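J.: For reference, the structure I am asking about is given below.
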Amino acid sequence: MAALGVLESDLPSAVTLLKNLQEQVMAVTAQVKSLTQKVQAGAYPTEKGLSFLEVKDQLLLMYLMDLTHLILDKASGGSLQGHDAVLRLVEIRTVLEKLRPLDQKLKYQIDKLIKTAVTGSLSENDPLRFKPHPSNMMSKLSSEDEEEDEAEDDQSEASGKKSVKGVSKKYVPPRLVPVHYDETEAEREKKRLERAKRRALSSSVIRELKEQYSDAPEEIRDARHPHVTRQSQEDQHRINYEESMMVRLSVSKREKGRRKRANVMSSQLHSLTHFSDISALTGGTVHLDEDQNPIKKRKKIPQKGRKKKGFRRRR
């Protein structure tokens, strides 16, 4: 009775699956027939195909054959225990899973080849359109000059005169090769959120909370501001370079101003009540603090009509 109840409960779902299977088999059969006719007519050349795709198609076909055999035995009331088709299905499935990473690596190249074979040309946004060409690295003017020199040589040979060779030519730098830029606004926003999360995870608040609730032993270190630590590392690197190369590196005005501002920031007391922005971790709106905004210099505008001051000559 229990088996009869299970059979009655599974009967509607089994009928639905059989109907879906019949529809899918009919659709696949029609697609295969149309492809076979096109291949036989010569619409799709197959003499130079990919062996990887051929092996994959053969494995999928064998998998479907064994699966159909199992469905037939199951519908006839047979047992699947120790069935040879089950072992073959497991083996083919393992091979297909091993081929999946290779399929992901070849997906772009295969799609590009298929699209090129169907349309006859590459896409406008294809990155391979912007690859460097050796012909673009050569100056067009130099080739024209060479042609003119050859024409002059021919004329001089005809008239009995010798042309002067080895004249220096003007150097023309090669043009820059265009690069496709396909970054969207969503990708830029994602990168900005990732930078905000990294900045929040490296803040002093998160570090202190981690040390408070962690079971690891406390690490005692010199608590300094990150920009002070970075500045000391740069100074040490500069000192090591000067001592090893026996040279004195010059410091620009911009570097001096940056060090001066860093010293002022480290000496101010407003940082005692300042907490880093961790809204990227809590799901809030990420915003920049006043200290994170870049400092812009005022552009000096020259005043017209004013002469430079000079030394007055004494009489």
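Note that the numbers count up from 1, one per residue, in the order the chain is shown.
Backbone N, Cα and C define each Cβ position, glycine as well.
According to Swiss-Prot:
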- 144-156: compositional bias 'Acidic residues' (COMPBIAS)
- 295-315: compositional bias 'Basic residues' (COMPBIAS)
- ALA2: N-acetylalanine (MOD_RES)
- SER121: phosphoserine (MOD_RES)
- SER142: phosphoserine (MOD_RES)
- SER143: phosphoserine (MOD_RES)
- SER204: phosphoserine (MOD_RES)
- SER214: phosphoserine (MOD_RES)
- 41-174: region 'Necessary for interaction with EIF4E' (REGION)
- 124-169: region 'Disordered' (REGION)
- 277-315: region 'Disordered' (REGION)
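How buried are these features, and what lies next to them?
T.: Annotation for SER214 (phosphoserine): no spatial neighbours, criterion Cβ-Cβ under 8 Å with sequence separation of six or more.
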J.: Once the DSSP letters are reduced so that anything not helix or strand counts as coil, what is SER214 (phosphoserine)?
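T.: For SER214 (phosphoserine) - judged by DSSP and reduced to three states - the answer is coil.
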